[in-house]
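Undergrad: Let me begin by handing over the structure; questions about it come next.
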Amino acid sequence: MVRVAALITFLACVVLSEALHEPGYCAFYEECGLNPSVGGTLIPPIVPCLNYSQARPILGDHYKKLQQVCPMLAQGEGNTFACCSIKQLNSLETSLTLSKAVLIRCPSCADNFAHLHCITTCSPNQSQIVKVTKVMNVTQLVGNPKEAVVGYQAFLTTNFADASFQSCKNVRIPATGGFAIATMCGRYGAKLCTPQRWFDFQGDSSNGLAPLDIDFQLMKEGDTTGVPEGVIPYNGRALGCNETTPSGGEACSCQDCQESCPSVPPPEPPTPPFTLLGIDGYLLISIILLCLLVLAFLTYLAACEKSKKVKDEEKGRRKKKSKDQNSNEIPQQAIHPSEVTCADKNSLAAQAFLSSLFRAWGTVMATYPLMVLLLSAVIVAVFAAGLKSIELTTDPVELWSAPNSRARQEKEFHDTHFDPFFRTNQLILTAPGREGYIYDSLLFGPQNFSGLVSKDLIIELLELQTRIQQIEFWSEDLNRTASLKDVCFAPLNPSNPSLTDCAVNSLPQYFQNSLDNINAKVNMTELGVTKEVDWRDHLIYCLNSPLSFKDITDLGMSCMADYGAPVFSFLAVGGYSNDDFTNAEAFIMTFSLNNYARSNPKFNVAMQWESEFLKIVQDYQKNPAANFTFAYMAERSLEDEINRTTAEDIPIFMISYAVIFVYIAVALGEYSSCKRILVDSKFLVGLGGILVVGCSVLSSMGFYSWIGIPSSLVILQVVPFLVLAVGADNIFIFVLEYQRDVRRPGEKREEQIGRVLGNVAPSMLLCSLSESVCFFLGALSTMPAVKSFALYAALAVLMDFVLQMTAFVALMSLDARRQDSNRCELLCCVKVGKERSNKPNEGFLLPFMRKFYAPVLLHRFTRVIVMLVFIIMLCGSLYLMFNVTVGLDQELAMPKGSYMLDYFQYLYKYFEVGAPVYFVTKKGFNFTSVEGMNAVCSSVGCDQFSLAQKIQYATNYPERSYLGIPANSWVDDFIDWLNPGSKCCRLYTLGPNAGNFCPANQSAFLCGRKCMATPSDGVLRPTVEQFNRFLPDFLGNRPDLQCSKGGLGAYDKAVVRDEGGEIIASRFMAYHTPLTNSQEFTAALLMARELADNITKGMRKIPGTSPDFEVFPYTVTNVFYEQYLTIVPEGLFSISLCLLPTFVVCCLLLGLDLRSGLLNLLTIIMIVVDTVGVMTLWGIDYNAVALINLVTAVGISVEFVSHMTRSFALSIKPTHVERAKEATANMGSAVFAGVAMTNLPGILVLAFAKAQLIQIFFFRLNLVITLLGMAHGLIFLPVLLSYFGPGVNKAVLLQEQLKANSKANDELRMRNHVKQVYDNLSYEENEVKGDPPSPSDASRSSEFTEKQWEDKIDHF
């Protein structure tokens, strides 16, 4: 037998070597049977018989078939010769059909592909093109064994080969956005594919399509090296992709053919930075502004100095001191009523009215303290009862995206018509420290493998995946044991999925999650070299050709996942470069769940599954035997971590409030004597002040809960701080004023409290009303978090003021009663013998500021320095403000040490593609018309500026458009699916389903009719009837090897039709480039919207399109990042609304004092501007959280500024400097103790919070606000007022003058009366003795005189 076999082989070689190569002769003819050396193919590997003979004439049905399959060889019936039988044509047609399914989008490419195989199979000069290299005996079903050709060489010129390759290399697969050539070039993929590699793959019998081995020899024209004698390399003309085909097919579209693309200008470059004279424009403007302000100030100083010299000279010439009736010197010139202006009268009237009102109010509150406290408690309880129905908003979408915003409306439309974007649960795994290696593959040559891509780690990854897939738990919502299949995203079997239907994307899916497949290996011979191929060869192939149903190795395994869809390489591995997938640094494993509405019971099931997922992953991470270092996340992780952080940071806030409480309790006390410490301390008053703040916050929250306005964690964290800052300031001003006051003779305690309240309450009203109106106007913001914060803060500040005017005044009355009785605090039964001093208690701060701080600050040189420093700060901050970063990176929402921080780090480092972006069409466009299809599709015959084409153009500039992968198009794939050149759309011709749709996996015997006929021009477009009839079949057709264009899974949820069949919504999915920060997410949203608007304008021009038709981009992150498109104008609007009432209220309560109002407003604006400047320096981004704090800054700035401004405006000291000193000492000390020192301790405690948001936006930003507010209120404002403050209110001066005159008259009248008494004593013998006036009479006289004076003032 051995000898016989050797003889046969020898004879075969002799025959092959002696074969002739002549024109008009065939090398093989007719089918011999199946190739015995090829197995596991996708189609039967039928090979031809060795037959050196003349080409046969082609007639009748034979000619028609040839004209249908190989039209380039048809020369007319009777004039056509070929080397293929009708059977061979049928087999060739079957083989071409599979390839044409992905190439038919470009008719010239499909024609060139058919041309290639028609020439080698049917050319009448076949013997001049091919050289048979291998034959085998094949036994036919009937007859003797025949010699079959199982291998040959085909000689082609490089001109023909290159032109054919060029026509096909850019043809797209709409469903994936990738290139069709990637599936036809084996291991090389699209990027490394060349003409030779493309032809080599087609001639490789291991690819599952080629029935025999073809060795394509590409020869340069004129090069005969290695060419057998008589062989002439085929040099036919291949069509360019921008040419029409001989059969009438149109040129390929731009998306599939670069040469067909119109001249599209590149996008405009990004707006360059603003420059002037070649330097930063904002810097230059800031420098110019600085110079102008400094010059204006110095000019003002010079003018003031000159004016002062003139006034001093006049005073020297006319210096006279007038004296009153008591011969006392009057330092100021007398004021005549005619000199008092209307504004001065208004100011005095406003102050007098408010003072008298609050004096009477305070007296009543202090007289009935217990009743006031009881009524206050009842009112607070009624408001706070609403807390039982409080609703805390934790959903980030509800917090930061306005319900009527464009992004929310688009999300609502998308989630209503399509399923919400699936829930993602993901692991990114690495194995650092493992050395890589080079694997010398039989098929692919030397390949770099990282230490991660190893068999043991893939198996370990599969074990972890299997463990997660097998999660089971008891579900109360389902009342049964639930598992992954109950909630998983199953695109190919959504109605009744099994575990293997669930979409799990990971590297083991290339092996169908089978350990046997991973361990499989086989010896394979390639080009005479025999070598073992294993999992590595399969993996190399699948990573480059993920759409393949069979690899090119002898393993013969599929690359498709077990759930039936492809796993693209960027979803399986990460951290690679230049498509060197096997050198990846990370594995990616993703479990996708359906995103149910929160009201759906399955939402809770999905949440439970994710909890179990996190437990397994966290347990695995703690396992010392685990070989992976990895990061992970579940869809619920973001919300879970934020809630966990809030709970963990509650103790920090509690400590912060405790520190503030201790400070207030200690700082409010009087410490004149050690023996009276327990009497003069204000522990209970401080506690009462804290309770007032707490009650105001509870009342605000309860009220809004009553009316259904939800709260948030931001409100719980920020509002108490804000109200505490406002409330503590008012408490300090009131208590310190009371301590510094001395009870007048005959004055009751309640009257004293009322009088003190009358003095300070107008200032408290000024600040509280300004802040409350400020926040109410801030509620006009469209951002839900800012709006709800403003509403809660406004009412809380207002309630705080009301409770201070009622409950706190009552507490003060009770505490004053205890103090007057010398009873100890907390131990009220214990009395102290030492009496309280009648002298006013100024404490430490007031004398210090009066004697040291104010004189130094308001020294003539210090004032100039202060003004220059703050002018420089303002201009510098203006420059920095234009450079502040807008956005909020999502990792900042996570606490330090959170596993989500590791996940974000891994995500940005290893992911090679960004989030998917859908271009969604609304109702109003006619997809069924030819014009409608052409305006959307991207294949042959489509508009050059269609929807898909415009997205394709955008992906050519990913650095500007942020689009990395073009959009898939259900319209393109639907047209390709209908194409009669493929097996996708056929109709049953036999059986009970005759006339209905027949899937491609059914026998051709049952389904002999195509859905549509071949169009004469190659441009296939269904009629309206055909469109509506076959679209449901397309959307329900599961893709497989026979028809990869089926729409199930890819498009079944991408097209929404109403009951009448009209398409009311559809979507086209593309991918962003990797986006790593909020600036890139925001820019990507903006560019996608610009592109969608451009697409909308183009599609509205199609006849029959509704004028309100719209295309919009949708990404799950849009609702979070849309705010940054408008947050700058939104912030300016909100802050401007807050600044307006500070000016208006200040002017009104100071009697239309415009100058005070403007200086007040200017200082607050400077605080806000400087705050934004420091934000830039300290790395604090501008976002919604920062905006809330800036609105808060306006409120706190009012506390720092308005008290001082009012104190200065009402001072009657003769000069601006003296009035500034008085205001700084009296009111500045209270502001420093009440606002600055109240805020600072609590803020400093927040530095220890775990949440980065709290550390950055509550610790850093509030510290900046407090320090800048203190600097401007206690340093800059006194100096500013000393230069530009309003003059002395002459109405107040006249009031003091009348009061002094009245007092002088009283003293003169008393002196005359006493003198008269002594004169009468000398005549006591002759006249009746007169009793001297008693003290009570004098008191009544004084009281009467004072009352007369008040009547005069009121009359004035």
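Each residue, glycine too, has its Cβ placed from N, Cα and C.
Quick paste from TrEMBL:
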- 1-19: signal peptide (SIGNAL)
- 281-303: transmembrane segment (TRANSMEM)
- 312-336: region 'Disordered' (REGION)
- 366-387: transmembrane segment (TRANSMEM)
- 649-814: domain 'SSD' (DOMAIN)
- 683-707: transmembrane segment (TRANSMEM)
- 713-736: transmembrane segment (TRANSMEM)
- 756-783: transmembrane segment (TRANSMEM)
- 789-814: transmembrane segment (TRANSMEM)
- 861-882: transmembrane segment (TRANSMEM)
- 1131-1151: transmembrane segment (TRANSMEM)
- 1158-1178: transmembrane segment (TRANSMEM)
- 1184-1202: transmembrane segment (TRANSMEM)
- 1223-1249: transmembrane segment (TRANSMEM)
- 1261-1284: transmembrane segment (TRANSMEM)
- 1323-1356: region 'Disordered' (REGION)
- 1343-1356: compositional bias 'Basic and acidic residues' (COMPBIAS)
Undergrad: As a test: from 366-387, 756-783, 861-882, 1131-1151, 1158-1178, pick the stretch that has the greatest number of Cβ pairs under 8 Å with the transmembrane segment (683-707).
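TA: If we count Cβ pairs closer than 8 Å to the transmembrane segment (683-707), 366-387 scores highest.
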Undergrad: Across the domain 'SSD' (649-814), what does the pLDDT come to on average, as a whole number?
TA: 81
Undergrad: Who are the long-range neighbours of the transmembrane segment (281-303) in its own chain, taking Cβ under 8 Å and residues 6 or more past its ends?
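TA: Residues 273-275, 864, 867-868, 871-872, 874-876, 878-879, 882-883, 1283.
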Undergrad: Any contact between the transmembrane segment (713-736) and the transmembrane segment (1223-1249), i.e. 3 or more CB pairs below 8 Å with pairs at least 6 residues apart?
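TA: Contact between the transmembrane segment (1223-1249) and the transmembrane segment (713-736): present, because at least 3 Cβ pairs are under 8 Å.
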Undergrad: Which bits of the chain, at least 6 residues beyond where the transmembrane segment (1184-1202) starts or stops, bring a Cβ under 8 A of a Cβ in it?
TA: 400, 714, 718, 721-722, 725-726, 729, 763, 766-767, 770-771, 774-775, 778, 783, 785-786, 789-790, 793, 797, 888, 1123, 1127, 1130-1131, 1134-1135, 1138-1139, 1142, 1146, 1160, 1163-1164, 1167-1168, 1171-1172, 1175, 1231, 1234-1236, 1239, 1253, 1257-1258, 1261-1262, 1265-1266, 1269-1270, 1272-1274, 1277
Undergrad: Counting only residues 6+ away from its ends, which parts of the chain sit with a Cβ under 8 Å from the transmembrane segment (1158-1178)?
TA: 870, 873-874, 876-881, 883-885, 1135, 1139, 1142-1143, 1146, 1186, 1190, 1193-1194, 1197-1198, 1200-1202, 1205, 1260-1261, 1264-1265, 1268-1269, 1272-1273, 1276-1277, 1280-1281, 1284-1285
Undergrad: Sort out for me which stretch, of 366-387, 756-783, 861-882, 1131-1151, 1223-1249, has the most Cβ pairs below 8 angstroms to the transmembrane segment (1261-1284).
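TA: Answer is 1223-1249, with the largest number of Cβ pairs below 8 Å.
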Undergrad: For the transmembrane segment (1131-1151), which stretch among 756-783, 861-882, 1223-1249 has the most Cβ pairs under 8 A?
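TA: Most Cβ pairs under 8 Å with the transmembrane segment (1131-1151) come from 756-783.
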